[in-house]
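J.: Okay, here's the structure, questions in a sec.
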Amino acid sequence: MTLPGGRPGITKTHSTPPSPASSGKQSLTHQFHKHRKLLFKARMTKFDISNPETSSDTFRGFYTLFWIVMAIYIIQSGIRCYEQEGVILSLGFFRLFSKDGLTLLISDITMVATTITSVLFSKLLVWGIIPYEPVGVILQHVCQTVFLFLNIYWIFWRDWPWVQSGFFTLHTIVMMMKMHSYTSLNGELSIKYRRLKYLKEHVPEWIAEHKQEDEKIHQQLRELENEMIFLEDELVHGKTRFPDNVTLLNYLDYLLVPTLVYALEYPRTERIRPWYVLEKSLATLGSFLLLYVTTERYILPKLYDPDMSDLRVIVELLFPFMINYLFIFYIIFECILNAFAELSRFADRNFYDDWWNSVSYDEFARKWNKPVHQWLLRHVYAQSMEQYKLSKFNATFITFLFSSCLHELVLVIVTRRVRMYLFFMQMLQLPLIVLGQQAFIKHHSTTGNVLWWLGMFIGLPLLAILYCREAFWSDAIFGVGNQT
């Protein structure tokens, strides 16, 4: 059996014509969207020193210079701290984020372990005990919502300081995203799997009932054959076929792989390089030391000072906040994700693109956090257009709205206050995106890049003023009593 005219396009649907003589409980008529398979391929991050492209880059010397300057920065900060306090490194911030550390570790392990229920849920879908649409979809969203808010309740019940609260909230959201991607893909494939199984059982009976020579019958038969080929193609990714992937081992591997989008198969490296894992581990510790010193010496004292005006605080925090932003980016996307990628032999390490060259906020959103961008693209943006028939603009609005709500949720939990500043600032990016698409910006990329960087420099300390100063002065979760 062949598929005349080629297989259906990525945005088209695949269906068979009405068949009044179908047998069994289902109709032989059905309609499916072709699954959008995210392209994973072997790639390396841009700051990875083992990347052949990086080693030949003409600006590689500036990368070396940056770390030399940071080493001098640490030495100078240590000298000043010793002169002022009699110690090389103050431990006030350490005492804050190490508080209740064992409970946080046990809570985090327990939270991750509870996501294993996604495997059982997917098994029930495969076995046909639960139909994915609509019962499975409703159960999926209800369970994930309960998962999120139970963990949020635990944060409030433990009354963790802001560092622990922020970490546990972010990790909970990451696990929720992973669960959603896993159960969504398996749910969609379970429908196609059961449909293919039904066709294999009933098409022979249908053929036996329609032996007469008739062009309409031949057309219907070709459509049924084409649908079966289409479904077979949808259920296979690489060498893996659904539902062979629905196993505990496969899910544990997915938890270790540094991506939020589930796929039946990922590109893999040949082996794990222990020296590479050691290098990224040491880089994480060194970068965190820089982050710690900057926070302890140059950020917290300014935020705690009630005698300093808000405008002066913004000016004082412009450089420290940008430095910390770069450190956090480097620790997460260059060190931690690469280390997990090496341990899981995950070959696609395109965790970020050249976001520092952005000329608009939509370009920045696409480039700086590729794992989250890919998740939003598949499960919010594309799904809202395919299932709810939204326009591209409305789908973009929904995606920004969802992202803004999650960001604001993190700050609500960290500060224990509902202020909505970040929410409105993120939604303000929509008209700025439209502005960035104007010809003046497109034809003057340097101007767009300068305006974008100015927004980044001012936005970070401004958010600190709006969210943190009031909370720092009044709440024990920020460790005010521990500061000298």
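Heads up, the Cβ atoms here are built off N, Cα and C, so glycines get one too.
Remember, TrEMBL labels are computer predictions, not curated facts.
Sequence annotations record features per position, and here TrEMBL assigns region 'Disordered' to 1-30. Annotated compositional bias 'Polar residues' per TrEMBL: 12-30, in sequence order. Per TrEMBL, transmembrane segment is recorded for 62-82, 102-130, 136-156, 313-333, 393-414, 421-438, 450-468. Residues or ranges marked as coiled coil in TrEMBL: 207-241. TrEMBL lists His407 with the feature active site.
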J.: Let me spell it out: take the transmembrane segment (102-130), skip the flanking residues so only those 6+ beyond its ends count, and list any with a Cβ under 8 Å from a Cβ in it.
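T.: Residues packing against the transmembrane segment (102-130) from afar: 136, 139-140, 143, 147, 151, 154, 158, 160, 164, 167-168, 171-172, 175, 178-179, 182-183, 186-187, 190, 193-194, 243, 246-248, 251, 255.
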J.: Taking the coiled coil (207-241) alone, what is its mean pLDDT?
T.: 82
J.: Under 8 Å between C-beta atoms and at least six apart in sequence, can you list the same-chain neighbours of the residue listed as 'active site', or say none if there are none?
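T.: The answer is Leu422, Phe423, Gln426.
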